[in-house]
Amino acid sequence: MEFLERTYLVNDKAAKMYAFTLESVELQQKPVNKDQCPRERPEELESGGMYHCHSGSKPTEKGANEYAYAKWKLCSASAICFIFMIAEVVGGHIAGSLAVVTDAAHLLIDLTSFLLSLFSLWLSSKPPSKRLTFGWHRAEILGALLSILCIWVVTGVLVYLACERLLYPDYQIQATVMIIVSSCAVAANIVLTVVLHQRCLGHNHKEVQANASVRAAFVHALGDLFQSISVLISALIIYFKPEYKIADPICTFIFSILVLASTITILKDFSILLMEGVPKSLNYSGVKELILAVDGVLSVHSLHIWSLTMNQVILSAHVATAASRDSQVVRREIAKALSKSFTMHSLTIQMESPVDQDPDCLFCEDPCD
């Protein structure tokens, strides 16, 4: 099929491929299977109008695996969190320790955030609609941001309770029970952080960015681990020096500072993503130089790089080619080069001739540093 505009889009969606044009508003939609997209038949790539890079595996399978992997992590974390939350509530009540109870309260918030992340993860798997053409992918980001907000609210409540204990120190703490419960909490949170930790290398040793929901959950678990360690330290202090029971509310203050600090980085990354910023894993100049290095490319403008989620990068660009080179061949080479060097969710390349370039056009200017 021929298109009026030489525009190209690669889109990895679950079980479907989409090809769009600028002027014909025509949509090709067909399932991806082994007969249509074999890996060992490169001649079809030359004859067909679409180059679809699978990077060694089908994008549909990759997306399904990522979804199942994230779901498994969040479900496992929820189960662990629920069990030890109940244990800490009972143990904290018996010990009379605010630090243990606050740790249990934070586990409750973690459990809520894990369930919220599971819901947003399910929502992000829903297919696109005519109104939401990119689908519900960013529901995952909104869920993660809401989870961070919950952390801040609970942290504020715990700081308030700690202040009350500093002002009214008429309370008793059973240090032995506190040590036992806090030791179990440390072990539980170590298991949680191991389960939720997801740094790995993708194809061609490219680092795959973390799923946003799992990343937010990991921050929760990391904050819990710091809290549990500080509770254990304060329990040991109170056990050997009962007159230093002020360590209990001080532990809560330390925990609050650590947790708030741990949310700043992830909040910054999510803010850049929502502002359509270039992903941290990519360099704008590096991507442009890679395109310019392709034989036949004269210039690149209107280059835009952004993300749907932490691991779904989208790129679009206008490329001017030499008249002596077949623009469709150049387009395929650009797509191959980009897909080989970076993990791309979507790639749109509009091929143009040098006469189409306008040096005075504001939209064609390179962005400022």
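Note that Cβ sites are derived from N, Cα and C of the backbone, with glycine treated the same way.
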Please indicate whether the topological domain of Cys163 in Swiss-Prot carries the same name as that of Glu243, placing both on the same side of the membrane. yes
Test of understanding: applying the rule of at least three C-beta pairs under 8 Å (pairs 6 or more apart in sequence), is the transmembrane segment (176-196) touching the transmembrane segment (141-161)? no
Outside the transmembrane segment (246-266), at least 6 residues beyond either end, the same-chain residues with a Cβ under 8 Å of its Cβ set are 97-99, 102-103, 106, 144, 148, 151-152, 155, 158-159, 161-163, 165-166, 169, 173, 215-216, 219, 222-223, 226-227, 230-231, 233-234, 237-238
His318 (Zn(2+) 2 binding site) falls, by DSSP collapsed to helix, strand or coil, into strand
Does the transmembrane segment (176-196) reach the transmembrane segment (104-124) with at least 3 CB pairs under 8 A, where each pair is 6 or more residues apart? no
Residues outside the topological domain 'Lumenal, vesicle' (162-175) whose C-beta sits under 8 Å from one of its C-beta atoms, at least 6 past its ends, are 94-98, 102, 235, 238-239, 242, 245-246, 248-250, 252-253, 256
